[in-house]
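The structure appears right after this line, and notes come after that.
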């Protein structure tokens, strides 16, 4: 299907708005005040010494801006930014090709760095420490080792699973930064900025309700804003108010606590199938038909933060808050 000029213009406008949502400098990056101050010092020091920034590991829950922050670092350093992921690195040749293409001072960003295969991870060690690649060529009987010099570069790794990063890899990062959940005040500023980008008004009461449902996460806040905006455009002449937001959030099955259907399925399973626990994560995953990694990375961080569950050596346990949520007085 061919797009006419009007359609192409609309798509271009949408892309531009999406781009404008993403901050491009540390000054524009909202929240994470202490982290920004520290990172700013590191960047200024590296530029003053005309050196590459030390390798940086960023960790924290999904949706807090790890990729955006990595892009900002490259922009602040005025260097090229290259991106890949741990899952995409299936063979040693993939990493060798990527590293060999780097220029002086480049930032190489590896998302989900905890998913790097061990054999590929080990190639990074000499690259990070000495800016060299040691490669073994040939067959089992006739092996030949060659060394390739690399220009100084900065590796930025991002992970939602800090504990899964091996000690040898973790120790090679000179800088390690943690992204924390955003405060309600910070999320208000982010949503207000988003409303300006989209030229869509939002009243104060609706703003606060949206913040409550954003789970301390900018990505969720912006996604909810866009979905409510869809309803406002169709049913309310583009105005986001309490009435239209309630309709949208009800359709999206997101309650006042920020819990959605997936959260309720998890918590209901924990209470009804396993009597509140303790129960192993694999049993919960099998019961609700979900991957263990998805539960650990997507569901549980917020449920733990808000006090709906606890992790113990014996397994997951539902808290009194969860039983109250389901109006069950039989608290184990």
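Counting begins at 1 with the first residue displayed.
In case you wondered, yes, glycine gets a Cβ from its N, Cα and C as well.
Cross-referencing 172, 226, 227, 229 against the ATP binding annotation in Swiss-Prot, which names 21, 22, 63, 66, 67, 68, 129, 130, 131, 182, 219, picks out 172. As a whole-number mean, the pLDDT of the region 'Small ATPAse domain (RuvB-S)' (183-253) in this prediction is 91. Calculated from their C-alpha atoms, the gap between residue 182 (ATP binding site) and residue 311 (DNA binding site) amounts to 23 Å.
Recorded residues residue 21 (ATP binding site) and residue 316 (DNA binding site) have their alpha carbons 37 Å apart, per Cα-Cα distance.
On a Cα basis, residue 131 (ATP binding site) lies 44 Å away from residue 316 (DNA binding site). Around residue 131 (ATP binding site), the C-beta neighbours below 8 angstroms that are at least 6 residues distant in the chain are 149, 150, 151, 152, 153. Listed in sequence order, the residues of the same chain lying 6 or more apart from residue 67 (ATP binding site) and placing their CB within less than 8 Å of its CB are 83, 109, 111, 158.
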